[in-house]
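*Asks:* The following feature annotations were taken from TrEMBL:
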type	residues	note
TRANSMEM	6-25	transmembrane segment
DOMAIN	7-143	domain 'Vitamin K epoxide reductase'
TRANSMEM	65-86	transmembrane segment
TRANSMEM	92-112	transmembrane segment
TRANSMEM	124-145	transmembrane segment
């Protein structure tokens, strides 16, 4: 296991995943709200039904907007660690870990909604979920979160 600030390749990879996720979420947002260029799935799914369903908002906030906020936070946080590894507070590591777990669990929830409730799929949504799962997996496998666990376990 490695600590934050010691592996540039992983930080760059997660930053790029965060940026890619932001672009996907922005694409969904942009086309969801456009009458001129509606959201089209590159695979035979029904993106329009999914992104306009009752499940497309969480507590009144569009899910794609939450995605943009999450991915921007991931990208900017990892870039900050990349360029200022010793200036970042340890508490931010805990916030990043919490965001990663929350994003992962929310992605699993949204995939389940598409498969089991809506019985429709959105390929853009699946790509976003896959990026989120990759961020979580890389973060979980690559970093030593002993500081974070010590906060919760004493």
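Glycine is treated like the rest: Cβ placed from N, Cα and C.
Because TrEMBL annotations are produced automatically, they should be read as predictions rather than curated entries.
Set these features in their place in the structure for me.
*Replies:* Proximity of distant same-chain residues to the transmembrane segment (65-86), defined by a Cβ-Cβ separation under 8 Å and at least 6 residues beyond the stretch ends, is recorded for 4-6, 8, 11-12, 14-22, 24-26, 28-29, 58, 92, 95-96, 99-100, 103, 106, 128, 131-132, 135.
Nonlocal intrachain contacts for the transmembrane segment (124-145), taken as residues 6+ away from its ends with a CB within less than 8 angstroms of a stretch CB, comprise 1-4, 7, 10, 13-14, 17-18, 20-21, 24-25, 27-28, 39, 41, 47, 50-51, 67, 70-71, 74, 93, 96-97, 100-101, 103-104, 106-108, 110-111, 114.
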